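Asker: This is the structure I have questions about; it appears just below.
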Ligand SMILES: [Zn+2]
């Protein structure tokens with residue numbers, strides 16, 4: 001099993017469960033550490049930066065450059081103490097997100113998704129959860145936002161293998177939030193005008209705890 005762990009720690013293939021979803025809860029500490037120690041932390045783009053407000057490009061090359069990007073994303077996520085990070089949040093126009101997120105049961109999930117597509121849920125699986133949400137690209141602001149409490153995302157891992165990821169509660173929120181980023185949407189775009197204004201005011205009044213890319 002040590003060999004499996006080594007392979008995973010170096011960005012190998014995750015095991016899958018009986019329904020074909022990746023098991024992203026094993027060896028989280030080792031896998032996250034391996035990524036971030038290879039990577040370099042980069043500053044975070046914030047609302048108003050054009051890269052955050054348009055759909056990112058599909059990943060087509062699953063090469064060393066992509067592996068380096070993923071490493072840098074894990075490093076940046078750690079510096080900013082985020083639970084998820086999309087590539088455009090470090091200024092890269094590619095459909096990739098990473099996550100290091102606890103679900104509502106306190107179980108940690110670590111993984112990478114390229115070219116994510118969110119599954120449209122049937123009505124009987126669609127239960128809204130109106131917890132609070134924040135975003136590293138809208139520093140220091142928080143707002144309640146109703147989202148389904150379960151999510152399934154399909155895409156590819158950083159090697160190009162097809163994968164499916166699913167989660168509930170806060171982790172479901174994370175999967176939806178990060179997928180939104182790669183299509184050019186921030187969570188504040190889903191708020192009412194008034195709530196959005198309020199979030200932007202919170203951001204104006206706060207000071208980010210991590211390096212950000214200044215807007216022109
Ligand atoms: Zn975000």
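Cβ coordinates come from backbone N, Cα and C, glycine included.
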Asker: Kindly point out which candidate in 114, 135 is recorded by TrEMBL as part of the Fe cation site with 177, 181.
Answerer: 135
Asker: Let me check the 10 A CB neighbour count of residue 178 (active site). How many other CB atoms are there?
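Answerer: A 10 Å sphere around the Cβ of residue 178 (active site) contains 26 other Cβ atoms.
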Asker: Counting across all protein chains present, how many other Cβ atoms fall within 10 Å of the Cβ of residue 181 (Fe cation binding site)?
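Answerer: Neighbour count, Cβ to Cβ under the 10 Å cut-off: 24.
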Asker: Around the Fe cation site formed by 135, 177, 181, list the extra residues of the same chain whose Cβ is within 8 Å of the site's Cβ centroid.
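Answerer: Not counting the recorded site residues, we get 84, 86, 89, 136, 137, 178, 180, 185, 186, 187.
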